[in-house]
Amino acid sequence: MKTLFVLISILYAVYCFSSEEDVDSAYLANELEPVEDINSEQYAALEPKEEQERSCADMGQDCKDDCDCCLNIATCNCWFGRYFCSCTFGDYQTCLRKKGKCKRNRPQSCPRSNLNRKKG
């Protein structure tokens, strides 16, 4: 029973690959016409708009300094000094620095971790 199932699976796979090649070769030889979209006029007015540049960069995106990064604790980390800069996670001190120097994307409050506080 297993061998019959394997044999049928192999035959089906060969059939699928051979039929794809027939369609591809027929399309390349212009034997098949490309399908036209009937509703193309309906969507002509809905052309995509140019994406506006964001005021801040998400984690992993390019940045020039800490003020370019969105999150309060995000810092602009650069390789080899000033090359290949991207926003990465910082800490509480990063947030305080950004609060002091940034005019745009200025943090309103800095989150403090509860891990280091002593209880009792």
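Even glycines carry a Cβ here, placed using N, Cα and C.
These features come from Swiss-Prot:
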SIGNAL    1-16  signal peptide
DOMAIN    56-95  domain 'Agouti'
DISULFID  Cys56-Cys70  disulfide bond
DISULFID  Cys63-Cys76  disulfide bond
DISULFID  Cys69-Cys87  disulfide bond
DISULFID  Cys78-Cys85  disulfide bond
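Features recorded in Swiss-Prot, as mapped to the structure shown.
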{"residue": "Cys56", "record": "disulfide bond", "DSSP class": "coil"}
{"residue": "Cys63", "record": "disulfide bond", "DSSP class": "coil"}
{"residue": "Cys69", "record": "disulfide bond", "DSSP class": "strand"}
{"residue": "Cys76", "record": "disulfide bond", "DSSP class": "strand"}
{"residue": "Cys85", "record": "disulfide bond", "DSSP class": "strand"}
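All chains included, 19 other C-beta atoms sit within 10 angstroms of the C-beta of Cys76 (disulfide bond).
The shortest Cα-Cα distance between Cys76 (disulfide bond) and any of the disulfide-bonded residues Cys56, Cys69, Cys70, Cys87 is the one to Cys87.
Within 10 Å of Cys78 (disulfide bond), counting CA to CA, the disulfide-bonded residues Cys56, Cys63, Cys69, Cys70, Cys87 contribute Cys63, Cys87. Note on the domain 'Agouti' (56-95): its mean pLDDT in the predicted model is 87. Cα of Cys70 (disulfide bond) to Cα of Cys85 (disulfide bond): a span of 14 Å.
Counting every protein chain shown, the Cβ of Cys85 (disulfide bond) has 19 other Cβ atoms within 10 Å. Each of the disulfide-bonded residues Cys56, Cys63, Cys69, Cys78, Cys87 was ranked by the number of other C-beta atoms within 10 Å, and first place falls to Cys69.
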